[in-house]
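Under the heading DNA-binding region, TrEMBL lists 148-248. As annotated by TrEMBL, domain 'Response regulatory' applies to 21-135. The annotation domain 'OmpR/PhoB-type' is assigned in TrEMBL to 148-248. Per TrEMBL, 4-aspartylphosphate is recorded for 71.
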């Protein structure tokens with residue numbers, strides 16, 4: 001009876017959350033391929049196995065992930081560094097795995113941006129429960145319609161040539177070339193979500209030579225610069241698993257007749 005109920009729960013979870021994508025980044029191939037991926041797929045997640053930070057970043061050019069399960073002790077760019085980068089540029093769910101015995105490992109994982117921490121050997125059932133907990137938070141995020149209906153407000157304006165962005169209270173932000181491309185492309189969407197892939201395609205000269213970090217860093221720096229200059233928050237929203245949008249109207253300045 002318990003096994004039957006467990007199977008029913010998995011089917012219900014998969015039906016209710018058909019698009020939740022999980023990147024499993026762990027250098028331990030047997031653990032990744034024989035334990036983590038089968039367990040998460042059986043639980044209803046779309047789980048994808050990866051082996052390095054670069055593979056993760058390249059994969060994120062082609063698809064979006066809702067949750068990342070990270071090995072803290074990756075060679076090269078560590079799981080802690082990856083978590084810090086992801087947390088600075090998105091609100092993606094992060095679960096950190098490590099076999100470190102030192103008592104500050106959980107603290108480092110959480111302060112790096114992880115939502116949860118697990119010590120190896122991993123209890124697959126506990127990991128599944130953590131991801132389901134994260135998923136409940138993710139699916140409570142507002143939908144496209146909710147954002148469009150409730151969060152849009154007038155006030156931000158682009159000058160005639162699109163190189164200066166004015167805030168509702170009169171602050172003016174001078175845009176760099178990459179910021180100019182980003183802001184103008186999103187402004188033309190009038191509050192509609194633009195996928196990460198479509199945005200990269202619109203602003204990159206060569207998509208295949210585009211640095212996976214560049215879009216997130218451009219957005220991060222523009223948000224910070226806008227706040228520093230105007231004291232106001234740039235209405236550029238990240239919609240988990242879907243893309244980006246301006247959550248208010250960014251209108252072009254009208255030229256005098």
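Any Cβ shown, glycine's included, is placed from N, Cα and C.
Bear in mind that TrEMBL entries carry predicted annotations, made automatically and left uncurated.
Model, not experiment: these values are computed from the prediction.
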Review point. So how many of the residues in the domain 'Response regulatory' (21-135) end up helix, strand or coil by DSSP?
Key: 54 helix, 25 strand, 36 coil
Practice item. Please work out the mean pLDDT for the residues of the domain 'Response regulatory' (21-135). Key: 87
**Study point:** Residues of the DNA-binding region (148-248) by DSSP state, where helix covers H, G and I
**Key:** 42 helix, 18 strand, 41 coil
